[in-house]
Amino acid sequence: MSGYGSPTPPPTPPSSPQWSAPAAAPPVQQSRHWLKLFLIGLALWAATVIVTFFTDNSNLVPTIVLLGSFLVPGTFVVWAYERYAADVGPERIAACFGIGGIIGVLGASVLETYLLSPSIWMYLGVGLIEEAVKLAALIMVARRIPVAGLRHGLVLGATVGAGFAAFESAGYAFNAVLSIHGLALKDLVETEILRGVLAPVGHILWTAIMGGVLFRERRDGRFRFNAPVILTYLGVSLLHALWDSTSGIAVWLVARTTTSDFQRAIFELGYMPDPTSEQVHLYTLYDTLGLIVVSLGGLIWLRALISRNRAAAPAD
């Protein structure tokens with residue numbers, strides 16, 4: 001046997017791109033727990049709303065608030081985990097969602113209370129503060145997770161953003177149900193549906209972009225606050241500010257294009273004139289278009305990040 005020498009070890013397989021699906025979840029066996037979670041949660045939420053409508057039982061309101069606020073963010077996190085981050089571990093994903101989300105809303109509440117005042121720059125301040133506290137929360141809960149790269153950063157960032165969106169939506173839903181006329185179930189349902197639909201292109205998207213760049217620039221387990229990270233933070237803060245400003249911009253556009261002399265005179269005296277039916281429809285159109293434009297801007301940015309990462313992967 002000495003003539004044959006020692007057996008030659010098999011060649012090492014090439015590493016997969018950073019954005020490829022993790023080995024723990026091969027594409028041919030991808031689970032659909034996220035879909036089951038969404039359908040079951042949606043059915044339970046709808047059933048609770050119907051029972052509350054017919055019984056007027058206010059004890060069911062917390063169930064509506066919690067199910068409606070956490071359904072879409074929670075489903076999105078499960079989908080992202082199963083598809084792209086099964087190697088991170090469910091306990092770490094849960095920590096990013098729960099702890100990161102709570103730290104984010106607490107920090108934003110404190111800072112916005114003491115640092116902001118009504119002004120034309122208020123929404124920019126909100127964007128800077130909320131994106132900063134979500135970034136800080138992401139670093140706090142993910143600093144000991146031994147991963148780097150765009151893929152992991154996108155998932156972990158989106159998870160913190162989803163937690164923030166869920167807890168914030170619960171607060172908005174609770175406020176919507178409070179009414180001097182009693183249980184405002186219609187307002188509660190409308191609030192939860194609207195925020196649920198918008199959650200993936202709001203907080204989840206912005207924090208995913210921030211997390212992706214943060215982890216892409218991570219070296220030797222340390223986060224670096226270099227030019228790409230700082231510019232990304234400023235960029236997502238601007239998207240956030242524009243998102244919050246769409247309502248005010250829509251009002252301004254309606255006032256500039258349709259306000260009559262009488263309405264303008266009343267407004268200058270410090271009173272808000274009653275809008276016409278045409279103005280209400282125009283406001284809804286402008287506000288919706290504004291949200292679509294901001295959402296597309298974030299999605300195009302995300303797509304560009306992923307495309308550049310895929311193009312650079314073979315050279316790594």
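Backbone N, Cα and C atoms are what each Cβ position is placed from, and that goes for glycine too.
The following features are taken from TrEMBL:
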COMPBIAS  7-16  compositional bias 'Pro residues'
REGION    1-24  region 'Disordered'
TRANSMEM  34-54  transmembrane segment
TRANSMEM  60-81  transmembrane segment
TRANSMEM  93-114  transmembrane segment
TRANSMEM  120-142  transmembrane segment
TRANSMEM  154-173  transmembrane segment
TRANSMEM  193-215  transmembrane segment
TRANSMEM  227-243  transmembrane segment
TRANSMEM  280-302  transmembrane segment
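Counted over residue pairs 6 or more apart, the CB atoms of the transmembrane segment (60-81) and the transmembrane segment (154-173) come under 8 Å in at least three pairs, which marks the two as touching. A contact between the transmembrane segment (280-302) and the transmembrane segment (120-142) is absent, since fewer than 3 of their C-beta pairs, 6 or more residues apart, lie under 8 Å. Between the transmembrane segment (93-114) and the stretches 34-54, 154-173, 193-215, 227-243, it is 154-173 that has the most C-beta pairs under 8 angstroms.
By the count of Cβ pairs under 8 Å, the stretch nearest in packing to the transmembrane segment (193-215) among 34-54, 154-173, 227-243 is 154-173. Comparison of 34-54, 120-142, 154-173 by number of C-beta pairs under 8 angstroms to the transmembrane segment (227-243) places 120-142 first. Beyond the ends of the transmembrane segment (120-142), by six or more residues, the same chain brings 92, 95-96, 99-101, 103-104, 107-108, 111-112, 156-157, 160-161, 164, 203, 206-207, 210-211, 214, 223, 233, 236-241, 244-245, 248 to within a C-beta distance below 8 angstroms of the stretch.
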